[in-house]
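**Q** Under the heading S-adenosyl-L-methionine binding site, TrEMBL lists Ala33, Gly34, His35, Asp52, Phe79, Asp100, Gln107. Annotation comment: TrEMBL describes 300-310 as compositional bias 'Basic residues'. Residues or ranges marked as region 'Disordered' in TrEMBL: 289-310.
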Amino acid sequence: MDFLHKPVMLNECIDMLNIVPSGIYVDGTLGGAGHSLEIVKRLDSGKLIAFDQDIEAIKNAKIKLKSYEDKVILIHDNFRNIKKSLEDIDIFRINGLLLDLGVSSYQLDSPERGFSYRYDAPLDMRMNQSSQISAKYIVNTYSEEDLKRIIRDYGEEKWASRIAQFIVEERMKKPIDTTGELVQIIKAAIPKKAREEEQHPAKRTFQAIRIETNHELDVIHDVLESAVELLLPGGVISVITFHSLEDRIVKNFFRDESTGCICSPEIPVCVCNHQARLRLAHRKPLVPSEEELRENPRSRSAKVRGAIKL
Ligand SMILES: C[S@@+](CC[C@H](N)C(=O)[O-])C[C@H]1O[C@@H](n2cnc3c(N)ncnc32)[C@H](O)[C@@H]1O
């Protein structure tokens, strides 16, 4: 399967990074290396360090970025470990960080990775193939209460309770091994007339289980916190999110870090001593242009937020 991933909001992200040719940039989510390629093209003495927890992305980028290999360092790790991984290669300051969160088209479109409700495949959903916890493990071992919480909180699915109950009933008969089996259970749990026409009934539950499998939300705050410490003054963090849960974490982090005093308004004199470390690049998030939406429907829910280190 070819590693195709149309980079989302490419120009907006590259402009926001305001690339200095001698700078050090980190792409936390290499994927198909579309954003990475545009960053590295703009460097002369600078370096790009690109992370992906999926070994397939690293292998593909070795080929795609071959002509820039003296400027690129590829790291097969979770971006959550950015600080330690950079320290290991003697990098202590960076000029910019890009995060394009979520799954790549390659991952979604590779049936054997088990991310998609469109193919019948083993229930997997691990971005990092050596991780111990797969979607199959979660679906077959988590308590009904935990499944309900995950599907409700990470999928924003109003039928979470029934879906969790149906999963637990079915797995008592036999383990749930495939995406196809899970889709059938979800379809049975959501009454036909309650289904949204434009959305596959399994979309929300699959999103939820994928987020839990990869701890996708826990790592966002950690990497942003590390990035603020690593960025040089004037350096930029640019983040593309694809659903409201991710976006809320980024929005709140940028809001808090771009605010000085955070004392409650009833307190007459500041006691928190909180100091802003960032300035927002834009007041509102950027969204895809009409043209991009036509050319790449997967950009539909994308939002880009950026912030600049003070
Ligand atoms: C949306 S794709 C990035 C696409 C990329 N910008 C491009 O132009 O092709 C997200 C990629 O980030 C990786 N990823 C997601 N979360 C990660 C994390 N916490 N640490 C490392 N890689 C992660 C995924 O494996 C996937 O390959």
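Placed from the backbone N, Cα and C atoms, the Cβ positions cover glycine too.
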**Q** Are there residues at least 6 beyond the ends of the compositional bias 'Basic residues' (300-310) whose Cβ is under 8 Å from a Cβ of it, and what are they?
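**A** Distal contacts: 8-9, 12-13, 16, 228, 231-243, 247, 250-251, 254, 257-258, 276-282, 285-288, 293.
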**Q** Ten-angstrom check, please: count other Cβ atoms within 10 Å of the Cβ of His35 (S-adenosyl-L-methionine binding site), all chains counted.
**A** 28
**Q** So, by DSSP, how many helix, strand and coil residues make up the compositional bias 'Basic residues' (300-310)?
**A** 0 helix, 7 strand, 4 coil
**Q** What same-chain residues, at least 6 away in sequence, bring their CB to under 8 Å of the CB of Ala33 (S-adenosyl-L-methionine binding site)?
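**A** Looking at Cβ-Cβ distances below 8 Å from Ala33 (S-adenosyl-L-methionine binding site), excluding near sequence neighbours, one finds Ala50, Ala57, Asn60, Ala61, Lys64, Leu65.
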**Q** Quick one: what's DSSP say for Asp52 (S-adenosyl-L-methionine binding site), helix, strand or coil?
**A** strand
**Q** Sequence gap of 6 or more, Cβ distance under 8 Å: name the residues on the same chain that satisfy this around Gln107 (S-adenosyl-L-methionine binding site), in order along the sequence.
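**A** In sequence order, Asp54, Arg113, Phe115, Met127 meet the Cβ cut-off.
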**Q** Any idea which of the binding-site residues Gly34, Asp100 has the thinnest Cβ neighbourhood at 10 Å?
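**A** Least crowded of the binding-site residues Gly34, Asp100, by Cβ count within 10 Å, is Gly34.
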**Q** Which residue, of the binding-site residues Asp52, Phe79, has its CB surrounded by the fewest other CB atoms within 10 A?
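**A** Checked Asp52, Phe79; of these binding-site residues, fewest Cβ neighbours within 10 Å: Phe79.
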**Q** Grab the S-adenosyl-L-methionine binding residues from the record (Ala33, Gly34, His35, Asp52, Phe79, Asp100, Gln107) and give me their largest CA-CA distance in Å.
**A** 18
**Q** On the three-state reduction of DSSP, what should I expect for His35 (S-adenosyl-L-methionine binding site)?
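**A** Assignment for His35 (S-adenosyl-L-methionine binding site) reads helix.
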